[in-house]
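Annotation comment: Swiss-Prot describes H41 as active site, proton donor, evidence class sequence analysis. The feature active site, proton acceptor is assigned by Swiss-Prot to E110. According to Swiss-Prot, the coenzyme F420-(gamma-Glu)n binding site annotation covers D40, T77, T108, G109, N113, G177, G178, V180, V181, on the basis of sequence analysis. Marked as substrate binding site by Swiss-Prot: T195, K198, K259, R283.
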Amino acid sequence: MSLPIKLGYKASAEQFNPRELVEYTVAAERHGFDSVVVSDHFQPWRYTGGHAPWALAWLGAVGERTSRVQIGTSVLTPTFRYNPAIIAQAFATFGMLYPGRVFLGVGTGEALNEQAVGLKEWPEFKERFARLRESVELMRKLWTEERVNYEGEYYRTVDATVYDKPSEPIPVYVSAGGAVVARYAGRAGDGFICTSGKGAELYTETLLPAVQEGADKVGRDAGGIDKLIEIKLSYDPDPWLALNNTRFWSPLSLSAEQKHSLSDPKQMEEAADALPMEQIAKRWIVASDPDEVVEKIKFYTDLGLNHLVFHAPGHDQLRFLEVFERDLAPRLRSL
């Protein structure tokens with residue numbers, strides 16, 4: 001089984017204020033995108049010019065202004081500053097308001113968003129992953145059962161009921177940057193999320209084989225798992241803009257350890273601004289030729305990544321949406 005190509009738009013919540021971002025999302029639906037995803041940050045990647053609107057409030061506004069696109073998080077961490085029962089309630093409400101259009105993308109989190117609101121020490125991966133598994137289990141119980149009594153290592157409910165919930169549970173997409181969580185996505189995720197630009201071997205040797213392994217372990221058809229990849233694409237007919245638009249997002253080019261451990265946007269910005277442009281641009285597909293873009297994206301679709309969500313780094317998002325629809329969408333849908 002293989003799923004059809006879907007084209008999505010990444011609403012850059014760390015770059016734009018919530019009103020701008022809603023309007024860009026409405027425009028994305030108008031320009032033919034199939035989905036819109038948003039990250040859920042308490043703090044942005046950079047202090048200067050950064051934004052961090054609350055994803056849950058924002059999704060409600062977007063749901064009311066759109067009628068067709070799938071909407072969801074990429075990603076939200078339901079484990080520290082949130083109680084997963086509250087996230088279950090929130091997404092059940094979204095599911096009632098926008099049936100069939102909502103998904104919850106989850107990950108193990110970043111210190112940047114948790115320590116600012118009181119988490120004293122950033123836990124090791126083992127605890128973060130255990131919390132994620134437990135939170136997903138609890139949320140699914142709350143979406144399908146009543147009077148849930150849950151006694152986990154980290155979370156507990158007593159006769160808990162989500163009173164307003166859709167007839168079908170909210171799809172949970174699991175974000176992974178390594179084999180351990182990717183195997184979990186294959187076992188338990190309705191969808192899988194990863195990001196582009198991290199070296200071919202990560203996808204061919206680690207992530208996708210791990211998703212397959214996890215699915216095989218529980219007798220699932222991995223081909224039926226919606227495999228979403230956030231593609232970092234700086235496309236513009238003007239080559240100078242295509243390159244220099246990536247500068248705002250230089251923090252994405254920091255090491256995984258830096259991104260997971262730094263807790264201050266000012267520190268993140270200082271570390272990122274010290275990076276050379278060549279290193280910043282390496283995380284992105286930087287191009288002015290649409291055929292070059294399609295050829296590079298074909299690498300991912302050939303691996304079975306079917307849900308292509310495009311993150312454009314420039315400040316002129318309407319320009320990106322227009323040139324994407326004109327130059328890229330028809331070519332990508334034919335892959």
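Note that the numbers count up from 1, one per residue, in the order the chain is shown.
Just so it is clear, glycine is given a Cβ too, placed from its N, Cα and C backbone atoms.
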Around the substrate site formed by T195, K198, K259, R283, which additional residues qualify by having Cβ within 8 Å of the site's Cβ center?
G177, S196, G197, K232, L252, S253, A256
Within 10 Å of E110 (active site, proton acceptor) (Cα basis), scanning binding-site residues V181, K259, R283, I find K259
Cα-proximity to K198 (substrate binding site), 10 Å cut-off, over binding-site residues D40, G178, V181
none
Work out how many Å separate V181 (coenzyme F420-(gamma-Glu)n binding site) and T195 (substrate binding site) at their Cα atoms, rounded off.
14
Residue with minimal Cβ packing [other Cβ atoms within 10 Å] among the recorded positions D40, E110
E110
Densest Cβ environment (other Cβ within 10 Å) across the binding-site residues T108, N113, T195 belongs to T108
Here the recorded positions are H41, K198, K259, R283; which one has the lowest number of other Cβ atoms no more than 10 Å from its Cβ?
K198
So for V181 (coenzyme F420-(gamma-Glu)n binding site), how many other CB atoms are inside 10 Å of its CB?
28
What is the total of other Cβ atoms whose distance to the Cβ of G178 (coenzyme F420-(gamma-Glu)n binding site) is within 10 Å?
16
